[in-house]
Amino acid sequence: MDSTTLVYADLNLARIQEPKHDSPPSLSPDTCRCPRWHRLALKFGCAGLILLVLVVIGLCVLVLSVQKSSVQKICADVQENRTHTTDCSVNLECPQDWLSHRDKCFRVFQVSNTWEEGQADCGRKGATLLLIQDQEELRFLLDSIKEKYNSFWIGLRFTLPDMNWKWINGTTFNSDVLKITGDTENGSCASISGDKVTSESCSTDNRWICQKELNHETPSNDS
């Protein structure tokens with residue numbers, strides 16, 4: 001064997017004996033996938049986050065709605081009070097020649113007649129005979145009457161079959177507020193004179209006191 005053949009054989013041997021480089025093993029498709037419970041946790045987390053956002057939005061809308069409703073109610077109340085106050089300040093006045101006290105108008109009439117005629121005269125003026133509410137109201141009227149010695153009919157009379165004093169509006173007389181002097185019998189009516197409330201015959205001629213409630217109507221000149 002010559003030298004040329006020997007070199008060729010050596011090259012082939014070297015090529016045959018050259019180590020092979022193995023390619024990296026391929027990974028299975030399941031190797032890169034996350035565990036199943038990770039995916040479930042991610043889904044539930046996203047759902048919970050969305051639900052939380054919706055709850056927050058709903059609460060915000062509810063709070064804004066309640067606040068708006070409260071503001072509207074307050075504004076309506078203020079407007080109503082303002083209107084009522086304006087009406088009271090403008091229209092709540094007694095007619096000319098009538099006295100104003102609390103929520104009533106009073107007038108003392110100087111003509112004399114029976115209790116029935118006095119009540120009828122008050123009715124023609126849109127009023128009634130005096131209904132005394134308490135001692136303070138009685139003191140106000142007594143201070144306003146100049147003729148202390150005269151008697152004035154009030155809206156109180158003795159009724160049958162109740163056998164009791166009653167005001168003309170149907171309420172029962174309260175003896176803790178007023179004390180009535182004099183004889184009481186059928187046909188008795190009450191009058192005030194000085195600081196006393198006296199029982200008299202309803203046919204007696206006395207002066208009288210009328211009263212009417214304050215209202216929202218334009219004051220008139222009742223005579």
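From the backbone N, Cα and C atoms, a Cβ is placed for every residue, glycine too.
What Swiss-Prot lists as disulfide bond is Cys122-Cys210 (among others), and the listing cites sequence analysis. In the three-state DSSP assignment, the secondary structure recorded for Cys122 (disulfide bond) is helix.
The disulfide bond feature in Swiss-Prot is assigned to Cys189-Cys202 (among others); the stated evidence is sequence analysis. DSSP assigns Cys202 (disulfide bond) to coil, not to a helix or a strand. Counted within 10 Å of its Cβ, the other Cβ atoms near Cys202 (disulfide bond) come to 19, all protein chains included.
The feature motif 'ITIM motif' is assigned by Swiss-Prot to 6-11, with experimental evidence given as support.
Annotation comment: Swiss-Prot describes 32-35 as motif 'LCK-binding motif', evidence class experimental evidence.
In the predicted model, the topological domain 'Cytoplasmic' (1-43) shows an average pLDDT of 57. According to Swiss-Prot, the feature topological domain 'Cytoplasmic' maps to 1-43, an assignment based on sequence analysis.
Feature annotation from Swiss-Prot assigns topological domain 'Extracellular' to 64-223; the stated evidence is sequence analysis.
Summarising the annotation, Swiss-Prot assigns transmembrane segment to 44-63.
Rounded to a whole value, the Cα-Cα separation of Cys122 (disulfide bond) and Cys202 (disulfide bond) is 16 Å. Sequence-distant contacts of Cys210 (disulfide bond), defined by Cβ-Cβ distance under 8 angstroms and a gap of at least six in the same chain, are Phe106, Arg107, Phe109, Asp121, Cys122, Lys125, Ala127, Thr128, Leu129, Leu130.
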